[in-house]
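J.: Below are the features listed in TrEMBL for this protein:
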type     : residues : note
COMPBIAS : 545-565  : compositional bias 'Low complexity'
REGION   : 542-579  : region 'Disordered'
TRANSMEM : 48-66    : transmembrane segment
TRANSMEM : 75-99    : transmembrane segment
TRANSMEM : 149-170  : transmembrane segment
TRANSMEM : 198-217  : transmembrane segment
TRANSMEM : 229-247  : transmembrane segment
TRANSMEM : 253-270  : transmembrane segment
TRANSMEM : 282-299  : transmembrane segment
TRANSMEM : 346-368  : transmembrane segment
TRANSMEM : 380-400  : transmembrane segment
TRANSMEM : 406-427  : transmembrane segment
TRANSMEM : 439-459  : transmembrane segment
Amino acid sequence: MATDTRTSQRWEKGALIVGFVSLAAAILVAHGSPPEAYELSIYAGTPVAFWVGASVALLVGIFVGLRDGGVGRRLALVLSGLAMLAVASLPVLRSYYFFGAGDSLTHLAWAKDISAEKMSVLGFLYPGTHTVAVLLADATGMALHRSMLVMVTAFTAIFLLFVPLTTWTITRDRTATALAALSGLLFLPVNNISVYDMPHPTTQAILFLPLVLYLTARYLTRTDRDGRFVGTPTGALLALTSVAIVLVHPQQAANVLVVFGSILALQLLARFVGSFETRHRTLALQTIFLAGVFAVWAPRHERASGATSALVNMLANGFRVGSETTQRAGSVASVGGSIEVLFAKLFAVSLVFCALAGLLVLGGFLGRFDDRNVAAFSRYLGFALVPLGVLFAAFFVVSYEQLHFRQLGFVMVPVTILGAVALARGVDALSTRLSPRSARTAVGVAIVAMLALSTLSLYQSPYMYQSSSHVSEAQIQGYETAVGHGAGPLVGVRGNGERWTDAVLGYERSRERSLSAGSLYADETHPAVGENFTGGYVARHYGGSTSRSRTARASRTYGCTTASGSTGGGSGRSTPRPD
């Protein structure tokens with residue numbers, strides 16, 4: 001037995017050495033292969049050697065991380081987290097000029113205006129990510145377009161770190177924590193419809209949520225036992241993160257407020273039925289504090305109530321159920337794709353975790369768990385998913401700005417944690433029928449399969465019938481030339497070019513000059529499509545200056561070109577209100 005243990009430990013050490021060396025080599029390969037031009041797919045553009053090295057590191061991290069405890073397991077989980085962080089940070093590792101050809105360009109413009117003191121953070125609805133990027137640029141001397149990408153990496157690291165830490169705080173179970181760390185690698189909140197791995201404040205707010213949940217779990221379970229009469233360190237940190245998420249994106253802060261309110265409501269209900277939730281510290285003060293911060297900050301900004309007002313108006317005045325989803329299904333079919341296949345690519349793994357989370361929540365409400373904290377938190381989060389699910393359904397039926405997929409991204413954070421705990425219960429159940437090693441191996445194989453599917457949908461690519469959001473330096477220089485020397489307005493093919501002029505000039509100056517002349521496809525008065533797509537038609541209707549109203553009509557479109565012929569790929573809405 002002792003010989004077997006020593007052999008196993010040597011095997012683990014050897015595997016970990018191979019894993020860390022493979023990851024280091026993969027990172028060096030990625031760093032040494034900057035893009036030479038616009039890349040249609042970041043997957044195809046990244047050297048095969050990187051994918052081999054990262055895959056070896058992930059395989060070692062998964063299977064060693066699922067073995068019995070010890071230093072080896074912790075190192076394996078660190079290895080797998082670093083490997084997936086490297087995959088999620090490829091635009092930084094490969095020195096992309098910028099990544100995010102839609103909303104992100106306008107966010108870059110806002111960061112430029114903040115850095116140049118042309119815009120006050122107090123007059124901006126969600127200055128959190130932009131301010132972080134500006135501070136990074138000032139502190140390190142890196143260019144602002146690069147610090148925006150580094151900021152994304154920082155929020156990604158927060159997500160990967162605090163998903164397992166939250167699970168540990170709730171369960172104190174090593175297997176559940178390991179599975180949570182591995183489940184975090186799937187990046188289930190990122191759906192590439194409204195939640196992206198790029199500068200996008202609502203995405204960064206969602207990836208920040210595990211830190212809020214971690215501090216909430218510590219606060220509720222009275223982890224601070226220092227005898228203070230007023231306040232605790234965890235309570236102070238939770239209040240600070242509440243302020244932070246409001247500044248990162250108020251819409252997601254409102255979702256956090258829904259979670260806090262649901263937990264508080266369940267705690268108040270528990271006082272009447274006498275369940276274990278009464279032993280937890282009440283969340284009343286934190287809920288009131290977050291509500292107060294939200295009430296002070298959000299109403300000061302005109303755009304804060306836009307989504308809520310639109311939802312109420314559309315529900316009251318009529319709507320077309322899932323109309324935007326139907327339109328996208330038609331677009332996929334027009335290029336020979338299948339909406340069913342696309343749905344499976346994007347959401348198959350999420351459905352598995354939703355089912356696992358549902359089983360855990362059901363078990364919590366039925367009182368099937370001996371661990372009282374697990375039972376209580378499964379009820380807390382399960383109860384919070386009800387109003388969050390109602391909001392998802394409401395946004396879906398009105399199909400407003402794809403906000404239902406943002407709502408889904410938020411929901412997938414607690415689902416990831418609950419699903420990991422359910423997986424741990426599954427490992428325990430399998431261990432009674434198989435050996436513990438066989439049970440962990442089976443779960444490890446399942447995680448590898450799910451990770452392969454999830455990694456392919458982390459970035460926009462032809463795999464999901466989309467082009468990459470890579471923004472090359474040549475594209476920016478092309479727009480700089482067009483803006484600085486072009487005689488005519490910017491005419492878009494599908495998009496209107498506003499995002500690009502934002503990135504070149506800064507938001508305020510871009511909107512003052514109003515350089516966009518609309519979009520050939522989206523213009524309602526003179527659409528240059530079909531038989532109208534001729535040089536004479538375009539010259540006749542788009543040759544001169546156009547009104548700002550034509551620019552406004554070219555919303556929710558993709559890609560753009562200038563009158564001089566320079567093009568810009570990528571995706572993202574073309575409206576002047578990115579989120």
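Each Cβ is built from the backbone N, Cα and C atoms, and glycine gets one as well.
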J.: Among 75-99, 149-170, 198-217, 282-299, 439-459, which stretch has the highest count of C-beta pairs below 8 Å with the transmembrane segment (346-368)?
T.: 439-459
J.: Restricting to CB pairs under 8 Å, which listed stretch, 48-66, 253-270, 406-427, 439-459, is in contact most with the transmembrane segment (198-217)?
T.: 406-427
J.: Do at least three CB pairs under 8 A connect the transmembrane segment (282-299) and the transmembrane segment (406-427), leaving out pairs fewer than 6 apart in sequence?
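T.: Answer no: the transmembrane segment (406-427) and the transmembrane segment (282-299) share fewer than 3 Cβ pairs below 8 Å.
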J.: Mark yes when the transmembrane segment (149-170) and the transmembrane segment (229-247) have three or more Cβ pairs under 8 Å (sequence separation 6 or more) and no when they do not.
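T.: Result for the transmembrane segment (229-247) with the transmembrane segment (149-170) is no.
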J.: Would the transmembrane segment (439-459) count as touching the transmembrane segment (48-66), if touching means at least three Cβ pairs under 8 Å and pairs must be 6 or more apart in sequence?
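T.: Checked: the transmembrane segment (439-459) vs the transmembrane segment (48-66), in contact.
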J.: Who are the long-range neighbours of the transmembrane segment (48-66) in its own chain, taking Cβ under 8 Å and residues 6 or more past its ends?
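T.: Cβ under 8 Å, 6 or more out: 12, 15-16, 18-20, 22-23, 25-27, 29-30, 33, 72-73, 75-84, 86-87, 175, 178-179, 181-182, 185, 440-441, 443-444, 447-448, 451.
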